[in-house]
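Asker: Attaching a single structure in structure tokens format; questions to follow.
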């Protein structure tokens, strides 16, 4: 985190970045200088040590050479003086300090020459000094004459003085040097000898301890060793074995050279030809250099700190503070007026920057003032343009609403008149003309709906109305729209609902049906042979609708544009070109998507994918039915096992291949043993309601009024809201159908006044809005203001019958007594005297009640079974029992538990009705 903060700081601050770079550079230079100084010091120190060692070694060599040369000179002088001596008398020497010894054990008496040599040494003037110990004369008979009387007389002691102790040949210039020998109590000695023509050796012994001691005096951390002519260590050279091994493995020469860990100086001495080798350890050299560096570091480090501190202070004072002042002023100008200026009292680059920035601010101030004036002018122009656009958009919305109202009002009259006409006795030709007129009216209505929906989607005023929707009836309604055109083209139709597809789910049923109708309509339009298939399947939490056809297909280059508004792949085809555009937009609004796959000459498949939010999982119907093989797969998805049909039955109807809702209802009736009871008029409700119709359009009042009368209802007409409010004080109504767009007081305001009217006989009755507007905002506004339901014009008999039934259930729930339908109009099945039919009806109802009782005992859901029982009783005209079942159904919906005693009581009432038809 600290490194990240440092990185951010370095990236955002120039001064800190410069300071950091300077410090880093200074430290690097300082380190380089320290390392360079250390290297130079090491080189210089090495050179100084080499020079010191060279000087000291040279002095030691000179001293040693001088001693060895004096010894050689003494030996030579001894020989020379002996050769000049003639006769020496014993009395001439006093006292007697010389001795005669014989190396051989059998020869104890000196010869004449031996005695002569002894007397010569006695009388010679060679004095023993500090570095010469003894003088000897050794003849060819191994007789030794010694100058000192303290020399030992035993042979072992004299052995080093014999000829055998010297090399066969002179070391140099006729001088013979012996190997160094150690004498107890006397230390290390070496002898130098010279031979005359008779082979007599004249020797002088040299003391070595003082030379060895002096060779270690120059530097206390150097090592001095002595080597012979063969580079072998002399016996008095004591060094560690590791260094000894290194020296033995190196070819040494005079001068300086290196071995691992040491500097070496070798110098050859005169006389015996020995070499003095000085070893100086590298570690000592490095320690001396490190000591010097450590002595210098405090000073250099102090100088570094002082220098960097001074530079940082100067940088802060001369650069950082002015820059921060500049940044502060610049930041203030970003949000404050451009009146602030940078200080410009310096004569450097910062002053130039300040001057340029101030000049820029002056220019910006002028441009800003001009821009403000232009912005004010443009803002005013934009506001005026916005207001004009809003007024135009508002006029457009009003115009669309007016167009919708003006188009739907006559369409309502046309469609209502045709439906009323179809309820009258017509011959086959007249019925065909009526069907054609109705289909053309519905096609025209679909075109109007598409155009209005497209306009509302474009303007963003389109919203969805989500509610629980029954899937299978919706599919039947969509397939019903293409049944006629498909049969006229002799196209096969097929619907398949997959396993686990919910029968009830949460969606906008109107818009989903609109999408399917558009897709199916296009499939019929562009398919000449083959068939059309609607498939519904579930994948995880998605519901997938597939509409496939065997038409001519769409070219690949046209598929990407097929959802574009007003685009037509075939310019010769009919249509507005916005059906797929609306379907795609609606799918996206519903949280899904619409995709297309097409192969030219083979066909097209359009898939609609919608999310499953709230739904009821399907409950399988367990049983076995005799049905055509083509229905077995669909029945199996609902839990029904299919068997080949052995006789004529209702499942052989070809329409069941594409009307899956009818197939499901019929299969449920057959499994539950509910006969397919022939009802004379499926639309006729079992109740006669008091209905108030409020509409300012004469044609609407006339047509809708007649449609309500044809459904067996009592209708009261009101042409305005004021008239409706007056009637509310005179009569109680079960249902009020009211147009929401009326002059003076509109329908929504009328409902509000209706609820607030103190003299109203039933202020809480059900209101259903009648309107030519399909705008979702109008629907929401109606429900927000106390209107229960909303019907868009044109209305159909089926729609009116459905809302009459809803109003009847609403009133029964409020314990309002209703009038039963006129028995002469109802034509209930129970009116027949057919013993077999009535017996089957009783058996079916009895089995259905048994299923309900078993479900209650097992704690399972009974809402679907109760709904089926209510429909059966309604079809046979048992209004009293329908009321009883509706009460049970309402309590089930509220989550209350139904007691078995209530079902037993219902069974007794049914037995009382069918007591004359019970087969025992």
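All positions are counted from 1 along the displayed chain.
Placement of Cβ uses the backbone N, Cα and C atoms for every residue, glycine included.
Pasting the relevant annotations from Swiss-Prot:
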TOPO_DOM  1-19  topological domain 'Cytoplasmic'
TOPO_DOM  41-291  topological domain 'Periplasmic'
TOPO_DOM  313-920  topological domain 'Cytoplasmic'
DOMAIN    317-369  domain 'HAMP'
COILED    354-395  coiled coil
DOMAIN    402-614  domain 'Histidine kinase'
MOD_RES   405  phosphohistidine
BINDING   405, 549  ATP binding site
DOMAIN    690-808  domain 'Response regulatory'
MOD_RES   739  4-aspartylphosphate
Asker: Determine, to the nearest whole angstrom, how far the Cα atom of residue 739 (4-aspartylphosphate) is from the Cα atom of residue 549 (ATP binding site).
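Answerer: Checking the Cα atoms of residue 739 (4-aspartylphosphate) and residue 549 (ATP binding site) gives a distance of 42 Å.
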Asker: Could you count the residues of the domain 'Response regulatory' (690-808) that DSSP puts in helix, in strand and in coil?
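Answerer: Helix, strand and coil residues of the domain 'Response regulatory' (690-808) number 52 helix, 25 strand, 42 coil.
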Asker: Under 8 Å Cβ to Cβ from residue 549 (ATP binding site), same chain, six or more residues apart: give me those in sequence order, or none if nothing qualifies.
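Answerer: Spatial neighbours, sequence-distant, of residue 549 (ATP binding site): 523, 524, 526, 527, 530, 531, 532, 533, 603, 604, 605.
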Asker: Return one of helix, strand or coil for residue 549 (ATP binding site), based on DSSP.
Answerer: strand
Asker: I'd like the Cβ neighbour count for residue 739 (4-aspartylphosphate), meaning other Cβ atoms within 10 Å of its Cβ, all protein chains included.
Answerer: 24
